[in-house]
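Reviewing the structure listed below.
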Amino acid sequence: MMPLFNVLRSARMLPAVSKKVVSPPMMLRSVRELTNQSKNVYATKEVIIGASQKKKRSWVKWLSVSTLIIGGASYVGYLFTPDWREIVDSKHYYSNWKIRVYLSLPFNTASRVIGGLANQEIPVWLREHLLGGFARMYDCRMDDCVDPDFKNYPSFAAFFNRKLKESTRPISASPLVSPADGTVLHFGKVEDNKIEYVKGHDYDVDKFLGDVDLPQKDELDLYQVVIYLAPGDYHAFHSPARWVANQCRHVPGLLLSVRPTLLSHVPHLFCLNERVVLNGSWRHGFFSMSAVAATNVGDIVVDAEPSLRTNIVRRKTQKIMNTETEIHAPYVSGERVGEFRLGSTIVLVFQAPPTIKFAIKAGDPLRYGQSLVADGV
């Protein structure tokens, strides 16, 4: 074993390890250099990210512009490309550009959504707010109702067809009474087989009612009454006379608004909209009562035809064939016929003697059961 003395001597002969001492100024300079390097790295990243975002924004911008241009061009092409109805009949009402613009809006889809919501049950605590707000907005006369408490109406559909007190709607002894609460849009004699729904705008009887048998008698003329039901009106419709309905015709179509302010801008609107036509007879010959659907009013119920389904999804609605059902439904004045699920229009077309005298004028408010004629029927 090596003596301890030799070990210590060997250790003393080894070269000493040098320890470099860094002065404070050098440390500060190093920190600054590292900081600058970090800043450069972050700056480079920001430049890269900024360029990427700018490129993305530019791509989104050009995509949006391209979509608008292509969509606009397609829409203009749709408006000016002849429709199959125009090809068959160059004078078809669909050739009118205003109708084509209006028809391009998604009224049917919106009406199906609104119809579904109207049938949804409303929580009891919310009924006063929703139904009460609707009643105040559209001036619904709740004092006419059998039940004026909003909490007792589970849905908007139930509220729209609330029962009224019999004392508030006495049925006139007149041979022709109003079928609904509403406003008179137009009335009078049908000239040249055309129904005028607002002044200056008309449509053919056969295009609206379909093929009907109108007995030609010199002592009888054809008349019409058009009644508009506003959203705040009572939405059920009743028999306007003692008559018998022997045919229920469902005509699928669109659900365009029938507000009086729009009727004068869209020709033949009633012929475009979905409708249910009840054809029959009364003591003077032909009698017809039609319920016309509208925006948010696609649901029409006819009590005599429970299988009837309106406001449903169809492919190529305009091309769907009409459905006709033979029925036998005798009615008396004031008897309930059916209901809307909001407001819309009732059109009466009937034969009567030329001595008929109407007791109404355009713009008059009506209540169902109120007399429409003063004499001559």
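Cβ coordinates are placed from backbone N, Cα and C, and glycine is handled just like the others.
Residues or ranges marked as transit peptide in Swiss-Prot: 1-34.
As annotated by Swiss-Prot, topological domain 'Mitochondrial matrix' applies to 35-61. For the topological domain 'Mitochondrial matrix' (35-61), the mean pLDDT of the prediction comes to 62.
What Swiss-Prot lists as transmembrane segment is 62-80.
Per Swiss-Prot, topological domain 'Mitochondrial intermembrane' is recorded for 81-377.
DSSP assigns Ser344 (active site, schiff-base intermediate with substrate) to coil in the three-state reduction, placing it in neither a helix nor a strand. Positions annotated as active site, schiff-base intermediate with substrate by Swiss-Prot: Ser344.
The annotation pyruvic acid (Ser) is assigned in Swiss-Prot to Ser344 on the grounds of sequence analysis.
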Please work out the number of neighbouring Cβ atoms within 10 Å of the Cβ of Ser344 (active site, schiff-base intermediate with substrate), leaving out its own Cβ. 32
